[in-house]
Amino acid sequence: MKLKSLQLVNFRNYKKLHLEFNGKVNLLVGKNGQGKTNIVESIYMLSFGKSFRTNKDKEMVRFNSENLYIGGSFSKYNKYSLIELIIGKDKKGIRINKVPLQKIQELLGNLNVVIFSPEDLRLVKEGPKERRAFIDKEISQIIPKYYKYLTNYNKTLSQRSRVLKNIHVDEALLDVYDDTLAKYGSYIYILRRDFIKKIANISENMHMNLTNGVERLSIRYKNQINITDEDTIDTVYNKFLAKLSSNRPNDIESKTTRYGIHKDDLNIFINDLDARLFGSQGQQRTASISLKLSEIELIKNEVEEYPVLILDDVFSELDEARQKLLVNNLSNVQMFITSAEVSHKKIFDEKNVTIFNIENGDVISIENGGN
């Protein structure tokens, strides 16, 4: 799939902007604070309906403006579509081909986007929360109903937590919440397990290629409830419910839910050693690259087209060897790259690169390479 054009009105520091894109490499160049990341943020919004930088939509509305508009035309399965977002200070509207959507879930999976930022390079060494976010975001693109399950699970988890914080705990109400957590938690677990199996196979081969066969990458799903790979969804539900029940006295004492899929993690190993504890920074970064490239391949396998890739200030964090490792595996992917250095174009075949020079919320010049 390819993003063909982008239109912004009152988005961040852009009063009005219309861009036509290269189907291969789009290099957004400018000094810090000029608006490079704002453009890729708006592209991300077209895919997920929310920002990767803030949870507050109103922060994206240009100063002294009431509403913002983001419109993106893209091709998928040889068909053109238009996604539009209109965000005001108290409202948000999303349309696909002029048809209003009722839920974010309806947007997911239309324009598939993968973002690779400096934070992703720390995926291996960061905490479980970041790795769960990595899993959840990508499954939601492939299986939009997963987002519904996750939303319902988190809502119920918050409700259960409020009950646990009461002086007098309503255990009958906890019974209801425990059943709901086990129901949605079992759906989420099964979908995570299947996703991790698939990406584990891809990433093992990917990492072997990136390291010339020297390192073997393996990833495993870590859960707290002794669920096995063979367990059915009914077995997962029963184990989850039993764990919540047996641990309820501890939850009441600690006033929090200590067990569940909100505590799961992704264990990452290099040559059978925990990469988080024993991997060098270079090994951890190469493992992160392997996981992101595998994410792209998995989406391609599932939806039969490559996603759009955003590389937000990643090259500044990588040495030249790792820059080339990354780029050499992305020849079929449309890329949007933010950089303070125009010299990064030399990594690519220059005829495939369009350079957008950005200054103070405006694209001051465009250098075309390919189509």
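Glycine is treated like the rest: Cβ placed from N, Cα and C.
Straight from Swiss-Prot, the features:
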BINDING   Gly30, Lys31, Asn32, Gly33, Gln34, Gly35, Lys36, Thr37  ATP binding site
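This view paints the features noted in Swiss-Prot onto the structure.
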| residue | record | Cβ neighbours (10 Å) |
| --- | --- | --- |
| Gly30 | ATP binding site | 23 |
| Lys31 | ATP binding site | 10 |
| Asn32 | ATP binding site | 8 |
| Gly33 | ATP binding site | 11 |
| Gln34 | ATP binding site | 19 |
| Gly35 | ATP binding site | 22 |
| Lys36 | ATP binding site | 23 |
| Thr37 | ATP binding site | 22 |
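Within 8 Å of the centroid defined by the CB atoms of Gly30, Lys31, Asn32, Gly33, Gln34, Gly35, Lys36, Thr37, the record's ATP site, lie the Cβ atoms of Asn38, Thr338, Ala340, Ile358, excluding the listed residues themselves. Secondary structure at Lys36 (ATP binding site), as computed by DSSP, is helix. According to its DSSP assignment, Lys31 (ATP binding site) is coil.
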